[in-house]
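Noted in Swiss-Prot for the protein shown:
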type: ACT_SITE; residues: Lys270; note: active site
type: ACT_SITE; residues: Arg344; note: active site
type: BINDING; residues: Lys258, Asp263, Asp281, Glu342; note: Mn(2+) 2 binding site
type: BINDING; residues: Asp263, Asp340, Glu342; note: Mn(2+) 1 binding site
Amino acid sequence: MLKIKLEKSAFENAKAECSLVFIVNKDFNHAWVKNKKLLETFRYEGEDSFLDQENKILYVGVKEDNVHLLRESACSAIRTLKKLAFKSVKVGVYTCHTHSKDNALLENLKALFLGLKLGMYEYDTFKSNKKESVLKEAIIALELHKPCEETCANSLEKSAKEALKYADVMTESLNITKNLVNTPPMIGTPIYMAEVAQKVAKEGNLEIHVYDEKFLEEKKMNAFLAVNKASLGVNPPRLIHLIYKPKKAKKKIALVGKGLTYDCGGLSLKPADYMVTMKADKGGGSAVIGLLNALSNLGVEAEVHGIIGATENMIGPAAYKPDDILISKEGKSIEVRNTDAEGRLVLADCLSYAQDLNPDVIVDFATLTGACVVGLGEFTSAIMGHNEELKNLFETSGLESGELLAKLPFNRHLKKLIESKIADVCNVSASRYGGAITAGLFLNEFIRDEFKDKWLHIDIAGPAYVEKEWDVNSFGASGAGVRACTAFVEELLKKA
């Protein structure tokens, strides 16, 4: 992990083996920009990057005056520098446009520091010829790129320290999530997922309970158990319950995650091409583990419960079948018409368990539907629920954190599509259209009336795992949901 060191000095006086200078919105008129004739000779116009080898300066373009692009450019810069022979880099403080003018400096520092740190991530656990970067340190010269109000300048050091704590915690939490999602299925079993959660709990002084199939049977979590039936003798299920209890808690929040450690579709078998990347079907549960790490280390004033349903969905003589009727923990019967709509079955019972805790807010995270990816693209998560104020708060705070989110609306016509003639509800829609919403409406069937306005469903199927670099995310897992929900909880508590 890249170490960030704060220095109360001018950019020119800070000592490092190389310099990083951002060109914001193609503006070269700044003292930190050297040898402009060289840049003109090579026709560098402030897009992408350019290495001035003589002066040991890496120029990286920030295409617009936007804090999210600053974060992305900082990440891109480190991806370039970590391939070179520099051990340290220095960079000044930039103030790009933010949504919130009150916290503009802090948000810029958070973006800069997080971008720098995330640029170092690469999942290379199984590579035999790892090339470890020599880049170890980023020196932050506490000098502003351009003048700002006196109050802004006076709060620079304080804001930098706060931003650095955020970046350290968020990087660690995202890496926990990403490493778990990226872990291949021969290792990343339900038991392994529980072990990762136990390690996080031990290091963060969190309370944790890990329950096996006997507990699930006692609690009549039959929908969850059905999904695991084909794997029971080899990789049994685990219900993981992490708890963070601060001395002062303004709210009780339950975070619920789908933890499908591998999903072949069950007897409704996926085509081979669609089976690849299904190690990432534990993205929701992994995000919840990362979130408990983030929220506890940031010291939020909320009691937070993280509930993860960890299981495989495989084939075998004991596998649950299309035509089965399952009785959920809530007592509702479910007609199974497709065993590849399994995540919602696990979540149904886990959401029931979460409601027993009587929380003020429930948020579930799941790589739930391919339909969500079709509708919103692979970079955007969907927000669903009944409470418009809660949905809006998650969307605005999540967007400000740098994640992409969009609301999808429930409606009575789509709800009719999951009706069953022989059970209380069907696990798949009668139509191919609106699949992300009908999946959310299925979960809604297991939310009690008193919790309808306290519940949000976040479908992270798109951004949880993408097989290319994008924004601050490397190939593979992105940690979708962690930044967004952390920001959501912080904003929620401000209103408490």
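All residue numbers here begin at 1 and follow the chain in the order shown.
Backbone N, Cα and C define each Cβ position, glycine as well.
In the shown protein chains, 28 other C-beta atoms lie within 10 A of the C-beta of Arg344 (active site). A simple Cβ count within 10 Å picks out one of the recorded positions Lys258, Lys270 as the most packed, and that one is Lys258. The number of other Cβ atoms within 10 Å of the Cβ belonging to Asp340 (Mn(2+) 1 binding site), over all protein chains shown, comes to 19. Cα of Glu342 (Mn(2+) 2 binding site) to Cα of Lys270 (active site): a distance of 12 Å. In sequence order, Lys270, Met278, Asp281, Glu312, Asn313, Asp340, Glu342, Gly343 constitute the residues six or more apart from Asp263 (Mn(2+) 2 binding site) in its chain with CB-CB distances below 8 Å. When Cβ atoms from all protein chains are considered, those within 10 Å of Asp281 (Mn(2+) 2 binding site) total 28, not counting its own.
Other than the site residues Lys258, Asp263, Asp281, Glu342, same-chain residues with C-beta atoms no more than 8 angstroms from the centre of those residues' C-beta atoms, the Mn(2+) 2 site, are Val227, Leu260, Met278, Lys282, Thr311, Asn313, Gly343, Val346, Ala366, Thr367. Same-chain residues with CB within 8 A of the center of the Asp263, Asp340, Glu342 CB atoms, the Mn(2+) 1 site residues themselves not counted, are Val227, Leu260, Cys264, Gly265, Gly266, Ser268, Lys270, Asp281, Asn313, Thr339, Ala341, Gly343. Reduced to three states, the DSSP call for Arg344 (active site) is helix. Distance from the CA of Arg344 (active site) to the CA of Lys258 (Mn(2+) 2 binding site) is 8 Å. Around the Cβ of Glu342 (Mn(2+) 2 binding site), 27 further Cβ atoms fall within 10 Å across all displayed protein chains.
Annotation note: Asp281 (Mn(2+) 2 binding site) sits in a helical segment as assigned by DSSP.
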